[in-house]
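Novice: Below you'll find the structure I mean.
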Amino acid sequence: MVLQVVEKFVSINGEGRRCGQLATFIRFAGCNLNCGYCDTAWANDRKVAFDPMTAEEVYAYIKDTQVTNVTLTGGEPLLQQDIGGLLELLSQDPELYVEIETNGSVLLSRFSGLENPPSFTMDYKLPSSGMERMMALDNFDQLTEKDTVKFVSGSLQDLEKARELIDRYKLTEKTAVFISPIFGEIELETIVDFMKDNQLNGVNMQVQLHKIIWDPNERGV
Ligand SMILES: C[S@@+](CC[C@H](N)C(=O)[O-])C[C@H]1O[C@@H](n2cnc3c(N)ncnc32)[C@H](O)[C@@H]1O
Ligand SMILES: Nc1nc2[nH]cc(C(=O)O)c2c(=O)[nH]1
Ligand code: SF4
Ligand SMILES: [Mg+2]
């Protein structure tokens with residue numbers, strides 16, 4: 001079984017729990033959603049060129065970088081046929097810290113059998129994405145303190161929905177919670193003001209660091 005890899009590189013992680021730390025990125029082809037703001041829509045093109053790699057080859061590349069944080073992303077990584085095999089292999093290496101970015105539509109319970117699961121970053125797609133109807137709400141019950149839920153927001157309506165879900169599912173009590181702007185779409189101050197007005201304790205606001213360091217459209221960074 002192969003994995004469809006569209007790019008692989010080392011950079012600093014620009015998002016999430018290990019923001020600012022070196023990480024090896026593996027980006028996979030294809031996605032089942034079509035978010036209006038997607039910054040990697042090119043990876044979802046049916047005709048995108050990819051490297052067919054086995055789980056063993058991906059693991060060998062990761063070890064070769066000598067970087068211990070790993071971020072699996074895409075596209076939607078959990079739709080790759082052999083993603084289970086890759087997660088299994090990576091989980092056997094105690095030196096690695098593995099994060100996987102997922103779009104909220106794939107049932108995380110499928111991966112609950114893993115002995116040493118990765119850290120899941122589940123992105124809940126808010127109204128601005130146009131994809132909210134695809135969200136699997138059961139996923140909120142699967143998240144643990146190792147994981148993250150992320151709300152990428154572009155409007156007050158998005159922020160209001162994020163707040164409602166944080167409250168209803170008591171998200172800050174079970175997992176890390178991040179709110180990030182759709183890049184360039186919303187005043188950063190608006191997010192902070194919203195957090196203050198709604199006493200969003202325990203929530204992290206985060207701006208994609210790599211889009212500040214490099215051109216926001218640059219690939220491989
Ligand atoms: C490209 S997605 C790939 C992983 C998975 N498909 C997902 O949506 O989580 C990686 C992350 O980038 C975020 N993202 C995509 N476009 C963005 C944009 N224009 N501004 C801010 N974040 C964005 C997504 O919301 C997601 O959290
Ligand atoms: N530097 C950098 N950090 C990232 N963190 C998550 C990314 C992603 O595209 O999922 C990403 C990315 O594309 N680049
Ligand atoms: S789910 Fe992720 S990769 Fe797919 S369209 Fe949305 S942001 Fe892009
Ligand atoms: Mg990205």
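Note that Cβ sites are derived from N, Cα and C of the backbone, with glycine treated the same way.
Since this is a predicted model, take the numbers as computed values, not measurements.
From TrEMBL, here are the annotated features:
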type	residues	note
BINDING	I12, N13, G14, R27, T73	substrate binding site
BINDING	C31, C35, C38	[4Fe-4S] cluster binding site
BINDING	Y37, C38, D39, G75	S-adenosyl-L-methionine binding site
BINDING	T40	Mg(2+) binding site
DOMAIN	18-221	domain 'Radical SAM core'
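Describe the structural context of these features.
Specialist: In the three-state DSSP classification, G14 (substrate binding site) falls within coil.
Take the CB of C35 ([4Fe-4S] cluster binding site) and look out to 10 A: across all protein chains shown you find 21 other CB atoms.
Taken residue by residue with DSSP, D39 (S-adenosyl-L-methionine binding site) is part of neither helix nor strand, so it is coil. Non-local neighbourhood of D39 (S-adenosyl-L-methionine binding site): F183, P216, N217, each in the same chain, at least six residues away, with C-beta under 8 Å from its C-beta.
For T40 (Mg(2+) binding site), the same-chain residues 6+ apart in sequence whose C-beta sits under 8 angstroms from its C-beta are R27, T73, G74, G75.
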Novice: Using the centroid of the Cβ atoms of C31, C35, C38 as reference, list every other same-chain residue with Cβ within 8 Å of it (recorded [4Fe-4S] cluster site), in sequence order.
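Specialist: Here the non-site neighbours turn out to be L33, N34, Y37, T40, A41, N44, N103, S129, M131.
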Novice: How far is it from C35 ([4Fe-4S] cluster binding site) to G14 (substrate binding site), counting Cα to Cα, in Å?
Specialist: 20
Novice: Return only the integer: C-alpha distance in Å from N13 (substrate binding site) to C38 ([4Fe-4S] cluster binding site).
Specialist: 18
Novice: Identify which of the following binding-site residues, namely I12, N13, G14, R27, T40, T73, place a Cβ less than 6 Å away from any atom of ligand 1, and list them by sequence position.
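Specialist: Cβ under 6 Å from ligand 1: T40, T73.
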Novice: Which one is closest to Y37 (S-adenosyl-L-methionine binding site) in space, judged by CA to CA distance, out of the binding-site residues I12, G14, C31?
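Specialist: Checking each of I12, G14, C31 against Y37 (S-adenosyl-L-methionine binding site), the shortest Cα distance is to C31.
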